[in-house]
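As annotated by TrEMBL, domain 'RNase H type-2' applies to 35-261. Annotated divalent metal cation binding site per TrEMBL: Asp41, Glu42, Asp155, in sequence order.
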Amino acid sequence: MSFLPPSVVLPVPLTTKSHFSPIPKVVNAQNQQDPIILGVDEAGRGPVIGPMVYGLAYTRKSQDRVLRKFGFDDSKKLTPEKRTELMQGICGAEPELLRSIGWATTSITARDISAGMLRPKGSTYNLNSQAHDVTMALIQGILGRGVCVEEVYIDTVGPPAVYQKKLQGRFPGLKITVTKKADSLFPIVSAASIVAKVTRDSSIEQSRLCRSIPTVWGSGYPSDPRTSKWLNGNVHPLYGWDLNVRYSWQTAKDAIKRNNGIEMTWEDDLEEVDDDYGDISHLMSSNNFSSSSISNFDSVLCDWFLSSI
C-alpha cells in the first residue's frame with residue numbers, strides 16, 4: 001500500500017483544509033542560543049487539476065545540518081521516491097527527523113481556487129492574494145501554538161520586495177526573507193517544498209481513486225499531454241468535470257468550448273437597465289439546452305449533490 005501522509009484526509013475534501021504536525025522535541029526544548037527558523041513553499045500553483053498546497057516546516061537553526069544530511073533539496077530536483085522517503089522520515093520513519101522537524105500544510109482545493117477567481121467583477125480573489133493569505137494563516141497557526149519563531153524564509157509569489165514588505169508588516173517581530181529559488185537556497189524551505197509536493201501528489205491520486213476515474217490524468221499541468229487528453233475526453237457539455245478541475249483556468253474554459261459546451265450567461269454579468277437587471281429570458285431558450293448536446297452522456301458525477309444524476 002502506498003504511503004498516505006497525515007496531511008491527506010480521506011475522502012479527499014472539496015473545501016480547503018489545513019494540517020499541523022505535533023511540535024517536535026527539539027523545538028520544544030528551551031535554547032535561546034539556537035533560534036527557531038521557518039520555511040514556506042508551495043506545490044501545484046500552475047496545474048489545471050487538483051489543489052494548490054502550501055507547505056511549512058520549522059526547526060532550530062542548528063538542525064540545518066540534519067536536513068542537509070538527509071538530502072533535502074528543491075522538491076522538483078528529487079525523484080518521487082526520494083520525496084516520499086523524506087516525507088516518511090519527517091512523519092516518523094526517521095527518529096532524528098521526527099524530533100527535529102515540525103510541519104504544516106494548507107490544501108487550497110480546485111473548487112475554492114475557482115470560486116475565488118470567478119467571483120463577480122470587482123470582487124475577484126486572485127491566486128496571489130489566496131497564496132498570501134494562506135501563507136500568513138499558516139505562520140500565524142505556528143505562532144499561535146506557542147512556537148517562538150525568529151526567522152522566516154519564503155519562496156516568493158510575485159515581486160520579492162513587495163511580498164516581503166507585506167509579510168514584514170503583518171509580522172513585525174520576525175526576521176523575514178523572501179526570495180526566488182528559496183527552496184534551493186535554504187534547507188528549511190526545501191523541507192516545506194517536499195511536504196507540499198508529497199501532499200499534493202497523494203491528494204490528486206486519492207481523488208482519482210475515490211472517484212473511480214479509470215484514465216490517468218497526468219500531472220495536472222496544462223502542458224502535460226495526458227492532462228490535455230483527459231480534459232478533452234471527459235468534459236460534459238453542461239457540467240464540465242467534477243470539482244477536481246480549476247474552472248477558472250483558461251485551459252479548462254477552452255476545453256469546454258472546444259467540446260461543444262453549452263454557453264451560459266449569468267445574471268451578475270448583465271448590465272443594469274433602469275435600476276433593474278437586463279432581460280434574461282434568452283437564457284431559457286431551448287437552443288441553450290438541446291437534448292442532443294447531452295444525449296451522449298448517460299450520467300455525470302456531480303459533486304454539488306454528491307451523487308450521479
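Using N, Cα and C of the backbone, Cβ positions are placed for all residues, glycine too.
A 10 Å cutoff on Cβ-Cβ distances gives Asp41 (divalent metal cation binding site) a total of 28 other Cβ atoms nearby, all chains included. A Cβ within 8 Å of the Cβ centre of Asp41, Glu42, Asp155, the residues given for divalent metal cation, is found for these other residues of the same chain: Val40, Ala43, Tyr54, Gly55, Ile154, Val157, Ala182, Asp183, Val189, Ala192, Ser193, Ala196. The Cβ of Glu42 (divalent metal cation binding site) lies under 8 Å from the Cβ of Met52, Val53, Tyr54, Gly55, Ala131, Asp155, Val157, Ala196, each of these being in the same chain and 6 or more residues away along the sequence. Packing around Asp155 (divalent metal cation binding site) is summarised by its Cβ count: 25 other Cβ atoms lie within 10 angstroms of its Cβ, all protein chains included.
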